[in-house]
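Engineer: Quick one: structure below, then a few questions.
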């Protein structure tokens with residue numbers, strides 16, 4: 001599995017798991033420079049921040065990707081009780097008794113990557129791209145590299161098809177993720193037109209939820225020392 005930035009395509013077609021947030025939009029922007037066809041797949045699971053679906057649709061049109069599928073997986077909402085699936089549960093900055101944030105949706109990335117794998121199979125795509133990140137992850141076990149490796153192996157074995165799950169952000173911190181968007185001259189688009197906020201506010205968000213805190217801290221760090229952070233991003237590329 002490739003977790004680093006790639007400089008040339010691994011396949012002519014890629015499926016990007018695309019929420020309309022900072023991370024997946026940055027991955028989508030990069031993929032457009034690397035693949036002949038980029039297909040986005042967005043999941044409607046009855047999420048608290050439902051505005052992200054419309055944001056994803058708008059960005060898909062704006063960036064002129066090959067196709068964009070919105071898939072109804074609201075059955076996940078019936079099983080996975082979380083602050084992101086229940087409006088009555090406030091988003092908390094504290095961890096639950098099990099050590100996880102209350103915004104964790106159990107099984108979400110298992111389901112998303114499985115469905116993205118099936119979609120890639122039908123399209124003849126050899127790559128799934130997802131914006132999960134272990135460096136600055138929010139405590140979600142399904143954002144870890146070991147999890148992604150296990151999912152890739154399961155998909156390859158289960159569908160008897162060579163398929164890579166590519167995670168361009170896995171070892172980047174949030175400041176480097178901003179640098180990556182800037183590298184492709186899309187920092188303003190990512191800053192002002194994506195939706196990361198758990199409370200559904202586009203751009204800089206509510207400023208209070210954990211997602212907004214992480215996003216803002218990364219942006220502040222990048223803007224304070226763009227040259228050094230861009231250099232650290234470049235150094236993380238293969239053969240740098």
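Using N, Cα and C of the backbone, Cβ positions are placed for all residues, glycine too.
These numbers come from a predicted model, not from an experiment.
As annotated by Swiss-Prot, ATP binding site applies to 18, 19, 20, 21, 22, 23, 24, 25, 26, 27, 28. Summarising the annotation, Swiss-Prot assigns Zn(2+) binding site to 197, 206, 209, 212.
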Engineer: Which residues, in sequence order, are found in the same chain with Cβ within 8 Å of the centroid defined by the Cβ atoms of 18, 19, 20, 21, 22, 23, 24, 25, 26, 27, 28 at the ATP site, excluding those residues themselves?
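Structural biologist: Nearby residues not in the site list: 16, 131, 194.
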Engineer: List the residues in the vicinity of the Zn(2+) site, defined as same-chain residues other than 197, 206, 209, 212 with C-beta within 8 angstroms of the site's C-beta centre.
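Structural biologist: Here the non-site neighbours turn out to be 196, 198, 199, 201, 205, 207, 208, 210, 211, 213.
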Engineer: Near residue 197 (Zn(2+) binding site), which residues of its chain come within a Cβ-Cβ distance under 8 Å, counting only those 6 or more away in sequence?
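Structural biologist: Looking at Cβ-Cβ distances below 8 Å from residue 197 (Zn(2+) binding site), excluding near sequence neighbours, one finds 49, 205, 206, 209, 211, 212.
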Engineer: Using a 10 angstroms cut-off on Cβ to Cβ distances, just flag whichever of 28, 206, 209, 212 is the loneliest among these binding-site residues.
Structural biologist: 206
Engineer: Would you count the other C-beta atoms found within 10 angstroms of the C-beta of residue 20 (ATP binding site) for me?
Structural biologist: 25
